[in-house]
Amino acid sequence: MESESESGAAADTPPLETLSFHGDEEIIEVVELDPGPPDPADDLAQEMEDVDFEEEEEEEEGNEEGWVLEPQEGVVGSMEGPDDSEVTFALHSASVFCVSLDPKTNTLAVTGGEDDKAFVWRLSDGELLFECAGHKDSVTCAGFSHDSSLVATGDMSGLLKVWQVDTKEEVWSFEAGDLEWMEWHPRAPVLLAGTADGNTWMWKVPNGDCKTFQGPNCPATCGRVLPDGKRAVVGYEDGTIRIWDLKQGSPIHVLKGTEGHQGPLTCVATNQDGSLILTGSVDCQAKLVSATTGKVVGVFRPETVASQPSVGEGEESESNSVESLGFCSVMPLAAVGYLDGTLAIYDLSTQTLRHQCQHQSGIVQLLWEAGAAVLYTCSLDGVVRLWDARTGRLLTDYRGHTAEILDFALSKDASLVVTTSGDHKAKVFCVQRPDR
């Protein structure tokens with residue numbers, strides 16, 4: 001394994017002029033990275049056998065039982081103000097922890113909350129399609145399968161349920177250990193989840209064929225299926241990272257010690273072709289890993305980010321961590337969001353900091369717009385912000401929540417942002433950008 005100093009880590013602070021993001025006229029010329037040879041075609045779906053599901057019937061628009069609400073009245077909170085949202089979904093009775101959009105049509109959302117409930121509802125008007133009933137703990141994970149035919153929900157106790165969207169019927173359930181994360185396979189009706197006992201589970205749904213990938217004796221805190229559908233990267237509480245062969249059930253690469261993180265992993269992302277992996281941790285480092293070799297090829301540290309003193313008192317900066325990260329699909333850029341409110345945008349070609357964008361409070365999640373160098377962030381101040389990653393400029397922001405945003409999702413055409421919050425609401429915002 002290469003050491004951090006030998007792996008091209010972004011350890012040196014760039015000149016201050018390259019860190020400036022307020023009206024900087026000098027923009028670095030970015031050269032596209034060589035994506036390398038394409039990965040082999042995915043055969044996992046065939047290996048686990050195909051399962052056919054009827055496609056959900058297209059939902060009709062214009063339901064008169066309108067859920068389009070005016071700005072909330074009588075809501076008391078420090079973030080009370082204008083409501084930029086178009087639709088508010090208000091059936092949850094406690095904090096709403098997670099949201100996902102159906103990938104096929106982007107017309108449906110599923111949300112899960114602290115009220116032990118999950119709902120599938122329509123984005124256009126907030127119309128409830130059905131409740132995913134039966135959970136007895138907070139629903140922290142929810143998502144649609146690759147073809148939108150199935151929707152899965154998972155609660156903190158480890159109870160997972162899958163529903164067929166068009167019939168609204170439960171078709172599968174399983175009780176695993178305490179749930180850390182859950183994700184559908186990108187091409188097959190296969191569900192993966194990580195649990196507090198260190199296992200990563202993989203089920204074929206609905207027949208329940210199961211494989212387990214045993215990690216260290218500590219929680220599997222985050223995971224992601226690589227785009228080729230044949231591998232998954234999983235991060236653990238002890239700071240180790242494993243890249244698993246899903247067919248063989250064995251680890252291809254294990255990163256630990258100095259190659260791994262010095263604290264629990266919080267998030268993981270892959271670039272579009274699956275050649276690069278980015279991992280984040282409470283140790284405040286983001287590591288760039290080659291998915292092919294398993295080698296660390298870059299390390300982004302908060303010292304590199306901070307060209308000015310950290311926000312808050314010393315105790316707050318000590319508790320800083322990487323909360324979210326991701327790759328741009330059209331330029332060799334990566335973004336890292338920190339709990340102290342710092343958004344760092346890095347140039348992968350040079351592994352230098354390109355822009356630093358400060359938020360008023362901690363970043364919860366970031367998402368890149370597909371096909372554009374535009375970045376979306378949601379934060380603990382209840383605001384969604386859009387950033388131009390080329391210039392570091394704030395394009396616009398959207399407000400309406402009266403508590404922190406806990407999760408958000410972006411439609412494929414980037415016309416809608418759907419948020420969930422501690423104010424018990426989910427909201428739909430229409431994105432309007434003057435540059436398109």
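Each residue, glycine too, has its Cβ placed from N, Cα and C.
What TrEMBL says about a protein is an automatic prediction, not a curated fact.
Feature list (source: TrEMBL):
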REGION    1-65  region 'Disordered'
COMPBIAS  40-64  compositional bias 'Acidic residues'
REPEAT    89-131  repeat 'WD'
REPEAT    132-173  repeat 'WD'
REPEAT    227-254  repeat 'WD'
REPEAT    258-299  repeat 'WD'
DOMAIN    327-404  domain 'Anaphase-promoting complex subunit 4-like WD40'
REPEAT    356-397  repeat 'WD'
REPEAT    398-436  repeat 'WD'
Segment-segment contact (the repeat 'WD' (89-131); the repeat 'WD' (356-397)) at 3 or more Cβ pairs under 8 Å: no
Residues of the repeat 'WD' (398-436) by DSSP state, where helix covers H, G and I: 0 helix, 18 strand, 21 coil
Same-chain residues near the repeat 'WD' (132-173), Cβ under 8 Å, at least 6 residues beyond its ends: 53-57, 97-105, 108, 110-120, 179, 181-189, 191, 193, 195, 203, 205-206, 208
Residue distribution over DSSP helix, strand and coil in the repeat 'WD' (132-173): 0 helix, 23 strand, 19 coil
Model confidence over the repeat 'WD' (398-436), averaged pLDDT: 93
Beyond the flanks of the repeat 'WD' (227-254) by 6 or more, those residues with Cβ under 8 Å of it: 39-40, 42-45, 47, 185-188, 192, 194, 198, 200, 202, 211-213, 215-216, 218-221, 260-268, 270, 272-274, 277, 279, 281, 283, 287, 289, 291, 293-294
Outside the repeat 'WD' (398-436), six or more residues from its ends: residues with CB under 8 Å to it: 71-72, 75-90, 92-101, 103, 106, 109, 111, 113, 123, 126, 361, 364-365, 367, 369-370, 372, 374, 376, 378-386
The repeat 'WD' (356-397): DSSP-derived helix, strand, coil residue counts: 0 helix, 25 strand, 17 coil
Helix, strand and coil residues within the repeat 'WD' (258-299) as assigned by DSSP: 0 helix, 21 strand, 21 coil
